[in-house]
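**Q** For reference, the structure I am asking about is given below.
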Amino acid sequence: MSTAQVALRAEFFSQLSADFKKMPLWVQSTINSVIGMSILLLMWWIGGILIASNPDTEAFADFAPGPALAALWSLIGTEFLNETIISSLERILVGLFWGIVIGVPLGVMMGYFLAVRQIANMPFQFLRMISPLAWMPIAVLAFETWDGAIIFLIVMATVWPIVFGTAHGVQRIDPNWFRVARNLGADGFQMLRRVIMPAIAQDVFAGIRLAVGVAWVVLVPAEYLGVTSGLGYAINDARDTLDYATLAAMVVVIGVIGYLLDAIAVFLIKRYSWHAS
Amino acid sequence: MSNASPIWISDLTHYYNRQQSMPTLDDINLSIPQGQLTALIGRSGCGKSTLLQMVAGLLIPTEGAIRIRAHTVTKPSAKWNMMFQKPSLYPWMTVRENAALGLVFAGTYNQKKDRVEELLDMVGLSEHKDKNVQALSGGQQQRVALARSLATEPEVLLLDEPFSALDAFTRTALQTEVAQICHDQNITMVLVTHDIEEAVAMADQVVIMSHNPGQIVGEKSIPLAYPRDRNSAEFAELKDELFAEFETIDKAKQDKPFERLEVVRPKSTAPSVEKMLQQAS
């Protein structure tokens, strides 16, 4: 390559980058997202080719994007897929519900009382580090139904981020807000509703966002347990019936729903955030 | 009994903890006149803010009592309201929601919506009612806090250095406005400040406090008409007199830093609650 060609090419790229920076921010971020997804698809596609070209693994060739997306297309709208998704979402939501019911009051206590914080911090940090899946044998013993056991695992996954998020929010409350509200005649309930809840909402939702992420990751292996519905079950079932296209399609579904759940949490954080941008 | 003192402070002594050799506040006796602005001035640490918080019911004195009308103050109330150094607005609310909060707590906002609008107009925030309070300047925020304090129609408004964090122009304007509101609306106000000029600009009388122990060492009335001309000779003279008083205190404190100053003041002549109730009826 001649020096002139190199210079020309360098100029082309610097021009391209300058043009890119002139675009509106949302266009830039959309283009970048498309690039990221394209890289992911490309790697999946290359992986599929490698699997198909190796005699040892060619039986798994249906993992490739072509068959998987075709399987996904034929699954969309079917009762099977809808029921699978609904059962998984139900478990997540029930688990999240209990995580919030237990986690928010605990977090408020931890944030408000130094003694509670000191007492609870070590044990909670300890419990937080245990993979929720490690509770599986105990959960199976302790709960009569498989659903109960799975929901228990989800609660164990969701409660800690919610506790710590809430406690963080309560600790950040400006003490003057209490003083002013008392001074204006607020009773305990009004203090909770008008001052504490709105003040900590964004931190609670930030905790819930982390909780949803962990819970969704935990849910799929938890559904390998005895249940006969849900995304984890569907994956296990596809493996047993050697239906690798459906298996890969389920992986895509899990990713998409996880992304949507996260997007909802992000929306709620923004909705209840009061920090001036 | 419109001219009787609405606030009586009798034999008030306060220790933050029992290890203190000197009380934070020592044998305070004071009555505050109705519908006027009284300034408590003193160096930091003289207990003036502590005293004000006690009048607000946010702190309970070790000994002695505070009465507002026929009530002994034991807890905060929207009837004796306090404005703090920081506006402490709620950042998730609009200007209007912040100003209305006392009425929302009292459950009377729906009947008194107009009052909130009028007050926001009065403090010059007509165009900002629907904005988030974080979009306002410091002076505007303190105006919202003022409207919020006035919305509940307090008999007594306590001001804890509410202008000290503002720039000079905003401070001067608000000092003039608040003194005006005090007299126009017949609200009894107590202002805590360490700014002598602020005291002379706003107050009908000034109560001078000294520290270690916190005690009242003098009172002075400021017989100037409102609005006050800060460049007048009388204004300068009153300021000088107050400065001179502080120099006297400082001199006395230099020799004996931890002793009570000899103060010749009449003891409280607070009437009994029964007598006040009789007068009222």
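Cβ coordinates come from backbone N, Cα and C, glycine included.
Sharing the feature lines straight out of TrEMBL:
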TRANSMEM  A:31-52  transmembrane segment
DOMAIN    A:85-265  domain 'ABC transmembrane type-1'
TRANSMEM  A:96-114  transmembrane segment
TRANSMEM  A:126-143  transmembrane segment
TRANSMEM  A:149-170  transmembrane segment
TRANSMEM  A:204-224  transmembrane segment
TRANSMEM  A:244-269  transmembrane segment
**Q** Determine which recorded stretch among A:31-52, A:149-170, A:204-224, A:244-269 has the most C-beta pairs below 8 angstroms with the transmembrane segment (A:96-114).
**A** A:149-170
**Q** Would the transmembrane segment (A:126-143) count as touching the transmembrane segment (A:244-269), if touching means at least three Cβ pairs under 8 Å and pairs must be 6 or more apart in sequence?
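**A** Counting Cβ pairs under 8 Å, fewer than 3, so no.
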**Q** Which sequence-distant residues neighbour the transmembrane segment (A:204-224)? Criterion: at least 6 residues beyond either end, Cβ under 8 Å.
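**A** For the transmembrane segment (A:204-224), the list is 88, 91-92, 95-96, 99-100, 103-104, 107, 132-133, 136, 149-150, 153-154, 157-166, 168-169, 230-233, 235-236, 254, 257-258, 261-262, 265-266, 268-269, 272.
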